[in-house]
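Colleague: Take this structure first; my questions come after.
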Amino acid sequence: MWMYVLVGNIIRGIGETPIMPLGISYIEDFAKSENSPLYIGFVETGAIIGPLFGLSLASFCANVYVDTGSVNTDDLTITPTDTRWVGAWWFGFLICAGVNVLTAIPFFFLPKWLPKEGLKSNADIIKSDKEEKQREEVKKKKDGITKDFLPFMKSLLCNPVYMLFILISIIQFNAFVNMFTFMPKYLEQQHGKSASDVIFLIGIYNLPPICIGYIAGGLIMKKFKITVKQAAHIACWLSLTEYLLHFLCFLMICDNSSVAGITTTYKGMQQDLYMENAILADCNRDCNCPTKTWDPVCGNNGVSYMSACLAGCETSVGAGINMVFQNCSCIQTSGNSSAVLGLCDKGHDCSMMLQYFLILSAIGSFIYSLSAIPGYMVLLRCIKPEEKSLGVGLHTFCTRVFAGIPAPIYFGALVDSTCLHWGTLKCGESGACRIYDSANFRYIYLGLPAALRGLSYIPAFLILNILKNRHLPGENASSGTILTEAKTTKKENECKDMDQNSKVLNDNELKTKL
């Protein structure tokens, strides 16, 4: 069945991929040079507002059981906080598919060519611009696309700023894909929250600051007419500031859940996390309990157990998620020993650590998104106008192929290496991981992206060095656009002056005749 999901995602990816590179190139071609950063900021913001609603939808779907409608949910003995819980992931796909079809309709009404922004009043320039584009179109039909493809590719591959920018994007994208892909799992395991709560918190804390950062970055570029070299410095130093803040996340520590036989002994003492023969103890050795079953219960002593059987419980009262197990021989308390379904809560201190982590993440998201638009303008202005669509497309292709595809695979393998207990499928094969070593998970989740991002600043500083004494193609093009606009304005002013002079002369002639 996973094959159908894979093919569906491939088709969806084919449809989504051209929108950003071709759309941004479309804006850059027809917008004023000082306005395009703001417009691109709005486009990027739209790409964040969508996931904000998407994460809200995902949070709702994660709270709904995957087989809702075909099973009686009242009989379930697991809750959304349980690692075995699977939300109704398919429900979101159905809603988003319908919305995608509707949003595709307006794209059919976008014109192929637009008059350059700011030159609308000059009919001659618009006319000549259209004629020139028509000639280019006829030439392309005659010569074919392949004639320009190889020279453009050669020009892009020989452009040091462009190639270094792609290298930075690949390295940083590797880091961010890993962080965002595994953030829900990390917060679930580290802080003991449900997938639904985690997804909702990520949407609330991270996405609004990113939207504000994109718009603010575009406004700053427009307001102060930032040059490409200045934009490169802004992007580099803001990104470096956020990178240094990232290391504070290592202080947001939560201990492993206390699970008897895995993270603690049955006497409540810590043990070697990777011992396999500690699941059974004297209190449950005669119960013939399966050692691979994961059906956790929380004892009234604050320790979790892999199952009620391994907790030594003899009786139970209630049904469904309200079931309570009693007379548990492994739970050492002064009164009646009992247990309830699910892992024990990690406590108030761990919840506070989650709040600190999310606040720091929100600040970091804002700072990094503030640098995103200046950084993207460096990419657009370091290549020639005629190479823009190919350049942006190649950039997107490289980040997807060398970061988007491999990053979750190798990062997932590293995360799996921290697993302390694997679930078992009905056929006896290994299933999903039920509990991770929190400390090692934290080092991999925070440490690997930090190492990758640290490497990315080597090519970043090389770009700053190259830009010191170099004029970029896009800069010259922008200057040319500004010059053209200035000349047009000058001509319009001259025409107005001539009209006024003519009017004055006519008035004088009339006075003389009178």
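Just so it is clear, glycine is given a Cβ too, placed from its N, Cα and C backbone atoms.
According to TrEMBL, the feature coiled coil maps to 116-148. Residues or ranges marked as domain 'Kazal-like' in TrEMBL: 277-332. Residues annotated as transmembrane segment in TrEMBL: 38-66, 86-110, 161-183, 198-220, 356-380, 401-423, 443-467.
Relative to the rest of the structure, where do these features sit?
Modeller: Confidence over the domain 'Kazal-like' (277-332), given as mean pLDDT on the 0 to 100 scale, stands at 87.
Proximity of distant same-chain residues to the transmembrane segment (38-66), defined by a Cβ-Cβ separation under 8 Å and at least 6 residues beyond the stretch ends, is recorded for 20, 23-24, 27-28, 31, 73, 76, 80, 85-92, 95-96, 194-197, 199-200, 202-203, 207-208, 210-211, 214-219, 221-222, 372-373, 376-377.
Distant neighbours of the transmembrane segment (86-110): 8, 15, 26, 54, 57-58, 61-66, 68, 80, 195-196; these residues of the same chain sit at least 6 beyond its ends, with a Cβ under 8 Å from one of its Cβ atoms.
Through the fold, the transmembrane segment (161-183) approaches residues 198, 202, 378-379, 382-383, 391, 394-395, 398-399, 402-404, 406-408, 411-412, 415, 445, 448-450, 452-453, 455-456, 459-460, 462-463, 466-467, 470, 472 of its own chain, all at least 6 residues removed from its boundaries and within a Cβ separation under 8 Å.
Beyond its flanks by at least six residues, the transmembrane segment (198-220) meets 37-42, 44-45, 48-49, 51-52, 55-56, 58-59, 62, 183-184, 187-188, 226, 234, 354, 358-359, 361-363, 365-374 of its own chain at Cβ-Cβ distances under 8 Å.
Remote same-chain partners of the transmembrane segment (443-467), defined as residues 6 or more beyond its termini with a Cβ less than 8 Å from a stretch Cβ, comprise 160-161, 164-165, 167-168, 171-172, 174-176, 178-179, 182, 186, 228-229, 232-233, 236, 239-240, 243, 246-247, 249-250, 378, 411, 414-415, 417-418.
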Colleague: Using a Cβ cut-off of under 8 Å, list the residues of the same chain at least 6 residues beyond the transmembrane segment (401-423) that approach it.
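Modeller: Long-range Cβ neighbours of the transmembrane segment (401-423): 83-84, 169-171, 173-174, 177-178, 181-182, 185, 259, 262-263, 273-274, 292, 294, 306, 430-437, 440-441, 444-445, 448.
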Colleague: Counting by DSSP, what is the helix, strand and coil composition of the domain 'Kazal-like' (277-332)?
Modeller: 6 helix, 11 strand, 39 coil
